[in-house]
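Submitted below is the structure of interest, expressed as structure tokens.
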């Protein structure tokens, strides 16, 4: 066997198999490698192609740009091929196209910017600030609620008394057209409409009928003067008044005789009720007729006959134990301190005087005095037990013709006057003629009636405790008897029924006009937050604000509410809509507890027909209102006004009459602050400072009890009538007096230490519950150090969304360290006798509260604005204070400097340093840039302004400040009262093409120089304070 051959053959077969395996493996690997190589090469070619394409595109763009520039240069250098209009439109479209392309990415940020603005920097008032409070009487039955509201006109009654009155009520059902009151019916009941409508008519002698008013559910029909007649036992009958049901109605009848039983059991209630009726007569009826309708003495009628005093030679024996007081000692026992003009001798009467009614032959003083005492006892309904008190304190005087016995509006001159002989003038002088009344003695005849011998006058002022509404002047040489009101009050305490006889002397002198008005006029007490009337309601009446404060709010179709204005004491509300017979255009609510007189349209028309002078008075009032609105109306676009924050446009008239001062913490020197503010306010007008101790001394320690609520509110109302400003000093605890202060105030000053913690105090947390709709202003106290500057004011404001305005007060030396009440009182007892410093922060605050602020507005003008420094110095040297500052362009810079430093020397130094920096051309040349937006980058300009003001905010400035800019993003003017000072000053100084606009961090809008829209924004100064020149004596100096 060939073994060798067999081996070789097997090796050959094995080698072939190995070769085939190796060849297959190598072939597969090469195939994979070439595939990868092809992919890499293909990808590389794609990248190279893309790079080449982009490079070519950029090259073409550069060439196109170069060609465009060359073409532009050729066009401007060569003769024009196109009209100027076409070229401007061409380049304008190009600019707009580029701006749109660059601004598209910013659209995504706008929703977030709006959200952050609304969340962090919202200046809208709280929702409750504009909302009307709910009635809160859902659990009280309607009949009981209407009874409570109706008998409130008589004052406050305790629950047992109220239940006794309810026992005498009677329910009357009336069909439509059925009469409730007819001519000839006894006038002895009060009617309260529970459901339906009742119309009250006035029947004239000629047979015509005039609608006086429409009585709705909850309102009443009655005459308080008839109530006095019923108590006196002289029930009268309806002579000209009728009432019919307009629709099916249900009426509650309360007979006035029910009160007699109550007064027999509670005699003190008689005095209080009669006083309330007299207060209503004085504050509502006579005030409406005189102040608002222009009537003087049309509501008074003269006595038809003169009464004679019978003098007897024999004098009645005196009461046992009584010793007659000699005539020379009578004056010493009287509490009335007479002025020299009341002691004038008869020989001093002017030449040409009328013959005197004083008897020529002398009458024994003892006989005359006895006769006068008899007549006084008869007039006052007193018995012989009171003869000693009358005889001891009555003062008989002889007065010359022209002598003024009582002056209108003077509280200290309230006495009861009995005319023995001669005659007196009783006049109600219009306010505009009061100043010249003494110079024109004959002018009194146009507004006066004659008081004859035997008449008793002055009872209205004595019963109300208020100042007299009339001026009483001797018409001839006369003899009168004077009885001090304190003596009368003593008799009233011993014999309460004497108030009826004094009220009788007042009622019998009233004309039928007052009787008719008494049926139609309503006296309304509106609690804080309640609606006086609502938008879209029928306007069938107008309201006179006796005291309190009202706010007018309009609701737009989008349900957004906006404040239209506020009204204070003496204003007429809703009269224009009533005259125009249009529905109510706004909702009017009570900001604080308010007292209103409701004048129905029917009564107004009836008086207008009988007394045409009312039309003249109405035209005068409306003319003043429209003139004030026109003078305070801004001249700018509405968009600028809408940019004003909440605290600048919330008040149309911010002259306050009642100011409550509340401490934010226990370490606030509240007593010293109130004394300082009182000192500054007293230099402007009559001011009273009230705290719990002074009120307790005047009304007793139980003045805060529910039963004395009407007495307290009436006394506080009298203080408001007699003073321009009433300062209410709150306690450090939420006691009844502090709650009354918060409910009574037109504005609440929250006093805090500027260097303290901005956390909310314990009393501040209760403000929203008690006075959520009352304006609140934050007062931050700072030391008198020259280095002290307000800081971090924004933290205080951010934690107090209810604050509408803030004030920085630099305290006098030692005020913050003087804590002992005795030392404080001793110090300010001497300080109050000096004149306050007119440029102090307390004087500035006082002028703001009284509506006498003085503001300056600095205009633009470039380098010429340096003259503003000299003008500010001249204003200060002239004794003119600066309370508010506004500016635009260079005026914004100079105004902010003054508000920050409040010192003319420091202001001059910083203004000089800044001018030197701006005169240095080196840094400005380095600030040059390619003029796409502006010539300069603005970096150096920003640094100069920021180094001057630092990082302080407008809220940290000592004096209120605003600046004006031009918003080129929204094409409108912008008024800035918040935010970074240097940013908005820089924005207001940014000339287009010279400096780039600054971006507003609030909304991203671009701001330029405000001089483009208004180079002297004096109208913004007026609108920012939201004032009416008719009502407020603000002044603005525009430079």
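Even glycines carry a Cβ here, placed using N, Cα and C.
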When you get a sec, could you say which of 11-31, 32-52 is annotated transmembrane segment by TrEMBL?
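Comparing 11-31, 32-52 with TrEMBL, transmembrane segment matches 32-52.
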State the residue range annotated as motif 'GXSXG' by TrEMBL; the candidates are 887-891, 892-896, 897-901.
887-891
If TrEMBL is the reference, give me the range from 848-853, 854-859, 860-865 marked as motif 'GXGXXG'.
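When 848-853, 854-859, 860-865 are checked in TrEMBL, motif 'GXGXXG' belongs to 860-865.
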List, by number or range, the same-chain residues at least 6 past the motif 'GXSXG' (887-891) whose CB is under 8 A from its CB atoms?
857-866, 868, 961, 963-964, 988-989, 1009-1011, 1014-1017, 1039
Summarise the domain 'Cyclic nucleotide-binding' (525-607) by DSSP state, stating how many residues are helix, strand and coil.
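Residue counts for the domain 'Cyclic nucleotide-binding' (525-607) by secondary structure: 13 helix, 38 strand, 32 coil.
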Specify the count of other C-beta atoms within 10 Å of the C-beta of residue 889 (active site, nucleophile).
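Its Cβ has 26 other Cβ atoms within 10 Å.
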Given residue 1009 (active site, proton acceptor) and residue 889 (active site, nucleophile), what distance in Å do their CA atoms have, once rounded to a whole number?
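So the alpha carbons of residue 1009 (active site, proton acceptor) and residue 889 (active site, nucleophile) sit roughly 6 Å from each other.
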What does DSSP call residue 1009 (active site, proton acceptor) in the simple three-state scheme?
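Strand, per DSSP.
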Relative to the Cβ position of residue 1009 (active site, proton acceptor), how many further Cβ atoms are located within 10 Å?
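I get 24 for this one.
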What does DSSP give as the helix, strand and coil breakdown of the domain 'Cyclic nucleotide-binding' (153-280)?
42 helix, 44 strand, 42 coil
